[in-house]
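Asker: This is the structure, below, for whatever I ask next.
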């Protein structure tokens with residue numbers, strides 16, 4: 001007998017927690033896992049005493065679902081998703097819904113939407129953020145795909161999502177085909193940027209100011225009462241205070257080689273593909289790559305010299321405020337770049353994205369949740385067509401207020417030999433963006449010189465000219481060089 005509102009396939013911790021979250025909100029869920037013994041274990045333990053149902057086969061699972069059938073896949077991205085879709089399609093009817101809640105590549109989601117539409121199945125690719133805790137008590141959800149599915153899943157998705165303000169859910173329809181997974185990808189890229197910016201602030205505190213863990217933890221706790229109020233700042237303070245079983249701080253014992261699952265890399269690759277200067281996320285990815293060269297760095301540290309270590313002689317409290325403002329200004333740049341990429345993707349794929357709504361989706365439940373995102377929503381509410389966050393009066397004033405501190409923090413760090421790839425690229429982007437004239441005219445002249453690629457004159461836009469720079473050779477454009 002059909003009695004379940006929705007099914008979920010994939011009983012790793014995220015899947016289990018999403019099921020329990022849906023159960024808490026009054027939805028009857030049918031659980032399935034490829035290893036069916038996991039279903040029995042889940043029902044006997046974590047889901048004991050709940051209304052959660054189990055199934056030992058896909059056929060049994062489908063038979064227990066009310067129509068239109070709603071099925072969430074929470075399995076490893078890639079072939080596993082396609083394999084389950086292939087098995088499910090023969091069991092489903094026209095109008096049934098498959099939802100991929102994994103970290104799928106947005107192009108895969110676009111393909112699946114297209115293929116399943118031809119079969120009459122509604123496909124949704126939804127970003128899910130917030131980790132295991134978010135899944136259990138309120139994630140940020142970013143659904144996109146076939147919009148016909150939205151009325152049938154809206155109550156469930158908005159019911160289980162994190163809530164902010166006066167109970168607004170951190171979930172709304174994002175857009176067509178791959179839009180939900182694209183937005184989740186950019187979210188993850190921004191997360192890389194936020195984490196690296198915090199690391200650079202920590203590095204300046206530790207190696208320029210010489211602060212101890214208690215002092216650094218206190219600084220981050222204070223910062224969490226300012227514009228920087230966020231989940232990542234909050235946990236950084238906790239990490240800095242945490243002591244191991246021997247009573248010593250744990251952080252210095254952790255190997256300084258950062259891992260990555262690839263979603264930050266996807267964001268950087270997309271930025272290159274669509275010609276958007278998302279420099280900060282790119283540098284955050286490369287910083288992790290550099291950190292992974294631990295053995296090489298140990299050897300290099302014995303051979304390569306930097307500036308002499310001179311104790312900081314300035315006002316520590318004042319420089320700490322410079323670091324805070326540098327972090328805030330750089331964070332603004334990171335989000336401005338992220339939303340530039342979203343805007344370009346919307347143009348490329350014909351998506352209608354609600355940028356203020358996206359900021360609200362990220363306002364709670366996810367790893368980058370922060371008060372700051374409310375300001376981004378306000379900016380897009382004031383001007384839905386806003387070209388760049390930096391052009392909004394609030395963010396323009398915020399960066400201006402931070403600018404002197406930003407430059408001082410970076411110049412002091414450079415003089416001390418501290419690597420700050422994200423602080424420095426953020427400032428370089430800001431300076432580049434505010435320059436009406438950049439030296440790219442020389443690049444165009446060079447390209448024309450060696451490859452006859454032509455150039456435009458400021459006085460004659462739209463007319464492409466080739467100059468015979470050496471007096472030798474013809475004036476025909478060449479395709480021999482593509483620099």
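For all residues, glycine too, the Cβ spot is worked out from N, Cα and C.
Quick paste of what Swiss-Prot says about this protein:
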type	residues	note
BINDING	10-15, 33-35, 75-77, 103, 478-481	NADP(+) binding site
MOD_RES	38	N6-acetyllysine
MOD_RES	57	phosphoserine
BINDING	103, 129, 131, 187, 188, 192, 261, 288, 447, 453	substrate binding site
MOD_RES	129	phosphoserine
ACT_SITE	184	active site, proton acceptor
ACT_SITE	191	active site, proton donor
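Situate these features within the shown structure.
Answerer: In the three-state DSSP scheme, residue 10 (NADP(+) binding site) is classed as coil.
In the three-state DSSP classification, residue 38 (N6-acetyllysine) falls within a helix.
The secondary structure of residue 57 (phosphoserine), as reduced to three states from DSSP, is coil rather than helix or strand.
Residue 261 (substrate binding site) falls within neither a helix nor a strand when secondary structure is assigned with DSSP, and so counts as coil.
A simple way to gauge crowding: the CB of residue 129 (phosphoserine) has 25 other CB atoms within 10 angstroms, across all the protein chains here.
In the three-state DSSP classification, residue 184 (active site, proton acceptor) falls within a helix. The Cβ of residue 184 (active site, proton acceptor) has 31 neighbouring Cβ atoms from other residues within 10 Å, across all protein chains displayed.
Counting every protein chain shown, 22 other Cβ atoms lie within 10 Å of the Cβ of residue 191 (active site, proton donor).
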Asker: Highest Cβ count within 10 Å among the binding-site residues 10, 131: which residue is it?
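Answerer: Max Cβ neighbours within 10 Å, all protein chains included: 10.
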Asker: Given the recorded positions 33, 38, 75, 184, 447, find the one whose Cα is closest in space to the Cα of residue 57 (phosphoserine).
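Answerer: The smallest Cα gap between residue 57 (phosphoserine) and any of the recorded positions is with 33.
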Asker: Within 10 angstroms of the C-beta of residue 261 (substrate binding site), what count of other C-beta atoms is obtained when all protein chains are considered?
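Answerer: There are 10 of them.
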Asker: Near the Cβ of residue 38 (N6-acetyllysine), how many other Cβ atoms are there if near means within 10 Å?
Answerer: 18
Asker: For the recorded positions listed here, 57, 103, which shows the highest count of neighbouring CB atoms within 10 A?
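Answerer: The largest 10 Å Cβ neighbour count belongs to 103.
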Asker: Once the chains shown are all counted, how many other Cβ atoms turn up within 10 Å of the Cβ of residue 75 (NADP(+) binding site)?
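Answerer: Excluding its own Cβ, residue 75 (NADP(+) binding site) sees 22 Cβ atoms within 10 Å.
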Asker: What's the CA-CA gap between residue 129 (phosphoserine) and residue 103 (NADP(+) binding site) in angstrom, rounded?
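Answerer: Here the two Cα atoms are 10 Å apart.
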